[in-house]
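Colleague: Have a look at this one.
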Amino acid sequence: MDYFNYRDGMLHAEDVPLAAIAERYGTPCYVYSRATIERHWRAFDAAFAGKPHLVCYAVKANSNLAVLNILARLGSGFDIVSVGELERVLAAGGDPAKIVFSGVGKREDELERALEVGIRCFNVEVPGELDRLNRLAGALGVKAPISLRVNPDVDALTHPYISTGLRENKFGVDVGEALIQYRRAADMPHLQVLGIDCHIGSQLTSVTPFLDALDRILLLADALKEHGIGLHHIDLGGGLGIRYREEQPPEPSEYASALLQRLQQTNYEILIEPGRAIIGNAGVLVTRVEYLKSNQDKNFAIVDAAMNDLVRPALYDAWQEIVPVRQLSGADVRTYDIVGPVCETGDFLGIGRELALSEGVLLTIRSAGAYGFSMSSNYNSRPRPAEVMVDGLRTHLIRERETTAMLFRGEHVLD
Ligand code: LLP
């Protein structure tokens, strides 16, 4: 459930009309709802309440400092994949002892910085990373806490670009090789084996793949125990889907209770890394229609947001709901392709949408909180949008709209 609702025909974020936000901050503009973020995070936290657990929000979904700070205040942990994300979490007041570090290509400087600040766990994805971490931790005189990200070879039944738990994907250590790598890790003097980790994909709409992955992980954990390697935690990654259109993903409570049933006889601490399910439906992108044009076959609404602001439709053919900020009754409804100003045919936000439009009208692209701004770019030298957080009746500008001067800051012409 989210806090974007119509009141008297006007779409509101919590208690603030989106038209007022567009007026004040301009368009395109990302708008988030604090109450929605908190509600979603708490739903995960409460769902695992029966067991020691830590909800580690996946920073890549939306890494704005205000979002991270809201979650840090709730006591959230964080799943990061780069030193950039690490610095963001620290700048937002996140607790380093609640950070897990995932990713297949962690550089030395990234590992060093994470060792220096004392993160909770490195989710190691490559055998060579164990050697690298052992060496760096030794040089710093610390022990590196690690888990191995195991690739359980499970089909997540999601878009191939965001499916990560199949043997053919680049992620994690093959489940068949994990025991050997764990034994190697256990013998390294500057590593401390803490847990086991997996993440099988994103936007999953059924619990079955999660349970299949968990079964394989538990088998491996048993085998490790027989070899004298006891684990403290199991990290089940993120991936729970949201409703964009007709999907009916399990609620966090259903997802958790299915997993907890399997975990009854164990006393591992459970870590999870949800991103989209916390922030996806807590954000929208507000855009304005610049022009309407029609040819023999089609009507186009050219809006001021584009694929550089929200790339999911272009990249994954993702469907996100597009609704008017102001509901008009009795207006002329037509079928439009909602497209941006970027010079690519793939620059669309929605295809074949039934809407009543005129130039200047405001539209809202829903479910844009996750992998929206965080995947935005400056393609076509377009400054990125402003980001606004609504909290009840209040609005906070949490990222200023970029200016054109910012676009070429740091660039130099030849002498
Ligand atoms: N943990 C790890 C190790 C991950 O790789 C990911 C996402 C997550 C957690 C969080 O997954 P979530 O709960 O958000 O599904 N750009 C794509 C999604 C890419 C997801 C990458 N990994 C999209 O817009 O659909």
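One is the number of the first residue shown, and numbering goes on along the chain from there.
Just so it is clear, glycine is given a Cβ too, placed from its N, Cα and C backbone atoms.
Sharing the features that TrEMBL gives for it:
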type: ACT_SITE; residues: CYS343; note: active site, proton donor
type: BINDING; residues: GLY239, GLU273, PRO274, GLY275, ARG276, TYR371; note: pyridoxal 5'-phosphate binding site
type: BINDING; residues: ARG276, ARG312, TYR316, GLU344, TYR371; note: substrate binding site
type: DOMAIN; residues: 29-369; note: domain 'Orn/DAP/Arg decarboxylase 2 C-terminal'
type: DOMAIN; residues: 35-279; note: domain 'Orn/DAP/Arg decarboxylase 2 N-terminal'
type: MOD_RES; residues: LYS60; note: N6-(pyridoxal phosphate)lysine
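Please situate the listed features within the shown structure.
Modeller: Residues near CYS343 (active site, proton donor) in space but far in sequence (CB under 8 A, at least 6 apart, same chain), listed by position: ASN380.
Look at ARG276 (pyridoxal 5'-phosphate binding site): DSSP puts it in a helix. In sequence order, ALA58, ALA61, SER202, GLN203, GLY238, LEU240, GLY241, ILE242, ALA370, TYR371 make up the list of same-chain residues 6 or more apart from ARG276 (pyridoxal 5'-phosphate binding site) whose Cβ falls under 8 Å from its Cβ.
Taking the Cβ of TYR316 (substrate binding site) as centre and 10 Å as the limit, one finds 15 other Cβ atoms among all the protein chains shown.
Residues belonging to the domain 'Orn/DAP/Arg decarboxylase 2 C-terminal' (29-369) score a mean pLDDT of 95 in the model.
In the three-state DSSP reading, LYS60 (N6-(pyridoxal phosphate)lysine) counts as helix. Shown in sequence order, VAL81, GLU85, GLY275, TYR371, SER374 are the residues of the chain, 6+ apart in sequence, with a C-beta less than 8 angstroms from the C-beta of LYS60 (N6-(pyridoxal phosphate)lysine).
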Colleague: What is the biggest Cα to Cα gap, in Å, among GLY239, GLU273, PRO274, GLY275, ARG276, TYR371, the residues listed as binding pyridoxal 5'-phosphate?
Modeller: 15
Colleague: Rank the binding-site residues GLU273, GLU344 by how many other Cβ atoms lie within 10 Å of each Cβ and give me the one with the fewest.
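Modeller: Across GLU273, GLU344, these binding-site residues, the one with fewest Cβ atoms within 10 Å is GLU344.
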Colleague: An 8 Å radius from the center of the GLY239, GLU273, PRO274, GLY275, ARG276, TYR371 Cβ atoms defines the neighbourhood of the pyridoxal 5'-phosphate site; name the other residues of that chain inside it, in order.
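Modeller: Near the pyridoxal 5'-phosphate site, beyond GLY239, GLU273, PRO274, GLY275, ARG276, TYR371, sit ALA58, LYS60, ALA61, SER202, GLY238, LEU240, ALA277, ILE278, GLY280, ALA370.
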Colleague: Test of understanding: give the count of other CB atoms lying within 10 angstroms of the CB of ARG312 (substrate binding site).
Modeller: 20
Colleague: Using Cβ atoms only, which residues of the same chain lie under 8 Å from GLY239 (pyridoxal 5'-phosphate binding site) while being at least 6 residues apart in sequence?
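Modeller: Expected: ALA156, THR158, HIS199, ILE200, GLY201, SER202, GLN203, LEU204, PHE210, PRO274.
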Colleague: Taking every protein chain in this structure into account, which of the binding-site residues PRO274, GLY275 has the most other Cβ atoms within 10 Å of its Cβ?
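Modeller: Compared across PRO274, GLY275, the most Cβ atoms within 10 Å surround PRO274.
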Colleague: At the level of the C-alpha atoms, what whole-angstrom distance separates GLU344 (substrate binding site) and GLU273 (pyridoxal 5'-phosphate binding site)?
Modeller: 34
